[in-house]
Amino acid sequence: MSRTLTSRQAEELHKSIIAYLAANNFQDSVTAMRTELNLGEEIFDPATAKKYETLLEKKWTSVVRLQKKTELDSATPTSLSNRKQDPASWLPAGPPRHVLQSHRTPINCVAFHPIYSSIASGDEDAIIKIWDWEFGELERTVKGHTKAVLDLDYGGPKGHTLLASCSSDLTIKLWDPSDEYKNIRTLPGHDHSVSAVRFIPSGAPGAPLSGNLLASASRDVTVRIWDVTTGYCLKTIRGHSDWIRDVSPSLDGKYLLSTGNDRTLRLWDISMNTPETKMVMIGHEHCVECCAFAPPTSYQHLATMAGLKKAPPASSTAEFMATGSRDKTIRLWDSRGTCIKTLIGHDNWVRSLVFHPSGKFLLSVSDDKTIRCWDLSQEGKCVKTLEGMHEHFITSLRWAPPITKGPADEANGEIGTPKKAAAAPLDVQIRCVIATGSVDTSLRIFSR
């Protein structure tokens, strides 16, 4: 029989069952399971087991609620039409599926867990909140920073997803979702507010580590590369002349984008011992708030915009990029540093953007309180504008990462590159879920 769970997931399930049985005084069953699974108290001690006591019940109630929701949805005509919609063409629509409210100050950032239905949000009051976006419930409040939380990202070594946060308190903190979001490490080193953090995908040629690297950007005008397993800063990158607002790694982890108040977009080769500037892109007329690499799925559309006869191969990275600025525009760039298109439509600062996993669309949010969808197959035409979704500036936007399943077994929880091209093809499933955070203190979930 083929195995549904990964070895790690199976181990977690076994521990949860043992903890549940122990909590309900089924000692003979506990002893039998511990013996059968070779999980003696020296390996799985009672203190650790206590953390697993309620996990099985939580999972069970989640399944029951999901079953009820599925039954309710199946009776709704709109849900039937939604399920028929191709994920590759899905775009968010109002009203939001959930309006999540618990923050007391503006939300600065959001981040999706790569596998589970968890989402994190960070606010001006140094608070991080963890939610279940599937059910619209607050799971926990995480405290540790002393000033505003400016960015969040999930990632890390395969099989051990971490949450990284950065703050105006000059630090980066690493939290362990598998251990009640315990703060396992604090990374000091920046000399001013840390604006952005992103885990760097594994697979970069020549990279000494795999899945352990984290990039950060700061108002101290540096980008730093960290090893999350040791907490050491491996590289400090200098080149910008003002506050660096955002960073974005390429899919193979070889390149990094950075942008900020000096109005430039910089492309770095971070696979080298001393990172090199490959390109400096100039054109925005105000601070650049956000940047992103275009996924290979968008190359065919962007190549047409760039006037290329043939799209770059899907195996290549760093071919096209996007930036959003306080000058109210979005610019699309090619690998030569040429601005191939300027998208005009927002009436205020562009705060965040994300490419649709299908590559056909680009989504953006702004201080004009709108979410805009741009069709890259139509020369970047704005084909949808969502108004009235928030009551104040929209500060953040994230798309739930797709679920990637290997041919053999598991869902890939690692933020990183699919396996080498020689390997069997992977099954990539688009999750039609986005989240937005706002100065109105609410986190809103849009889904199919």
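A Cβ is built for glycine as well, from the same backbone N, Cα and C atoms used for every other residue.
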According to Swiss-Prot, which stretch among 74-95, 140-161 corresponds to the feature region 'Disordered'?
-> 74-95
Taking every residue in the repeat 'WD 5' (283-343), what is their average pLDDT?
-> 96
Using DSSP, tally how many residues of the domain 'LisH' (9-41) sit in helix, strand and coil.
-> 26 helix, 0 strand, 7 coil
